[in-house]
């Protein structure tokens with residue numbers, strides 16, 4: 001909870017400010033702030049950091065990060081969940097998402113304990129609310145002055161609204177389909193109740209033919225063309241699995257709206273573009289997005305966000321389908337098709353749409369693709385993204401031609417006419 005290398009950070013932020021950047025996004029890590037004891041919050045480092053940002057007249061997007069940092073793409077630090085939560089997990093590992101072989105994922109808490117008083121007398125949702133409320137009180141002046149322009153609410157793995165279905169620490173490699181993460185006893189109990197309510201108690205089980213983390217859809221009986229994903233049971237299971245995700249978003253956003261009344265809130269949704277050109281969209285299904293080719297899985301998410309006045313922040317806007325096909329032709333990926341689907345789901349629901357890049361981006365082609373998605377040229381209604389967050393601030397951004405390309409991109413994002421000439 002201290003600011004490391006403050007002088008270097010200030011120097012970098014000054015360069016960003018001069019480049020025309022509006023503000024920065026900062027993760028508020030649950031594991032740092034409420035590290036040792038329940039409801040004992042240490043905001044010291046964030047107070048100093050926010051003061052630096054305010055003095056430079058930059059704005060703040062703040063992420064309520066209820067997940068651990070480490071083990072994912074771009075992670076070079078490790079911030080686990082709070083120590084007292086980890087202690088609870090030692091005697092009750094079912095607080096974590098669990099795969100079919102019983103492996104626990106300690107990146108975030110299972111949504112099965114959203115309403116279970118297993119965290120020293122509190123439910124998971126109450127813990128999240130208390131944390132958000134403490135932040136809102138602690139940084140009241142930043143809200144009142146408009147310096148905090150948006151709160152992004154972490155709702156799952158990587159702070160994204162998804163199951164941790166493709167965790168690298170469980171052996172997953174791109175473009176594996178991932179695995180369902182519903183084998184903790186709380187979600188299994190939820191599944192049993194759902195099956196009994198449907199009148200089919202024998203459906204109270206997860207698929208046993210859904211492959212493994214690195215399977216391809218055509219090698220798994222559940223996901224292959226004509227597979228069980230489209231059977232009566234398969235549709236029941238996938239609908240339940242996706243509904244658990246929607247219910248989690250609904251519960252936490254209701255409390256976020258209470259904690260941050262009057263402030264803009266957003267939710268990050270991951271861009272799972274691999275296997276998008278198959279019938280089952282297996283990688284999306286294991287992550288909780290019920291989006292096979294016969295069904296729209298993103299409109300229900302957009303509707304939950306609309307209910308709570310939240311914006312949708314989506315990734316992978318810089319990726320091109322042709323580039324993906326060149327590198328991993330077997331993945332049958334289509335990031336552009338996915339972005340287009342999600343853009344339309346958000347806009348049709350009448351909610352604001354923002355985005356981030358999924359992978360490091362320093363080249364003009366990636367920036368131009370982002371601009372295409374941010375401001376679609378031929379949209380008859382003139383719709384566009386309301387914000388874009390560039391990932392991420394690092395020393396590479398300031399090397400060689402990277403900074404001039406970035407400055408040019410920022411100008412175009414702000415609507416300035418810039419000649420498309422290579423230096």
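Using N, Cα and C of the backbone, Cβ positions are placed for all residues, glycine too.
Some features that TrEMBL has for this protein:
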- 27, 67, 75, 268, 273, 315, 357, 358, 392: substrate binding site (BINDING)
- 160: active site, proton donor (ACT_SITE)
- 356: active site, proton acceptor (ACT_SITE)
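Here the features listed in TrEMBL are painted onto the structure.
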{"residue": "27", "record": "substrate binding site", "CB count, 10 Å": "17"}
{"residue": "160", "record": "active site, proton donor", "CB count, 10 Å": "23"}
{"residue": "273", "record": "substrate binding site", "CB count, 10 Å": "26"}
{"residue": "356", "record": "active site, proton acceptor", "CB count, 10 Å": "20"}
{"residue": "357", "record": "substrate binding site", "CB count, 10 Å": "21"}
{"residue": "392", "record": "substrate binding site", "CB count, 10 Å": "13"}
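Note: the CA-CA distance between residue 356 (active site, proton acceptor) and residue 273 (substrate binding site) rounds to 15 Å.
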